[in-house]
Amino acid sequence: MLSAEPEDARDGAPGGAGTGASPAPGRRPRTRLLLAIAVGVLLLDLATKLLVVATLDRGEDVRLLGGALHLTHARNTGAAFSFAEGFTVFFTLIAVAVAVVIVRAARRLFSLGWAVALGLVLGGAVGNLLDRVFRDPGFLRGGVVDFISVFAPGGEFFPIFNVADSAITCGGILGAVLALRGIEFDGSRADDPAPGGDDGEPGDARA
């Protein structure tokens, strides 16, 4: 008479039906790196905005580096670099959505490059979001503090921006480069064969 194999023995056996897939040894999500970069960007953005508000009147300009850089206190109710002014509530909701998506994606983030890119975007998005929520003229309609103007005062050569705008732009460019190279959030490439697949066999699963 055949005796049934204990179920716990089957579950514990290597390759048994009860064995679930586990992450590759030594790999940890890059969540901490993403958050560290985001917090660093946020603190730098807040500090520079507070300094500008405390020392410069609106519209006041300070010429630096022989005119290559100007500090001009301005308020922006649009997107980064003063685009689409007057759509403050819309861009506030967009910033909230971006932050939520990035935080959710962080749990499956193993790529160093994507951690840096998303950390920059998250920190910048939250930095400008705080301005929209808490600054005048009111809740969700606040003007973002911009102050960096290049080559000419008042954004005459290029729209005035801030640290958060710079971080969002750099993160977006890095993310675009990673996407074009086919690098996924988990660090794999889109054209890599799936683990355990038979090399050379047609119909291999792709990452």
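Each Cβ is built from the backbone N, Cα and C atoms, and glycine gets one as well.
Per TrEMBL, the features are:
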- Asp146: active site (ACT_SITE)
- Asp165: active site (ACT_SITE)
- 1-26: region 'Disordered' (REGION)
- 33-56: transmembrane segment (TRANSMEM)
- 79-102: transmembrane segment (TRANSMEM)
- 109-130: transmembrane segment (TRANSMEM)
- 157-180: transmembrane segment (TRANSMEM)
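The two recorded residues, Asp165 (active site) and Asp146 (active site), have Cα atoms 9 Å apart. According to its DSSP assignment, Asp165 (active site) is helical.
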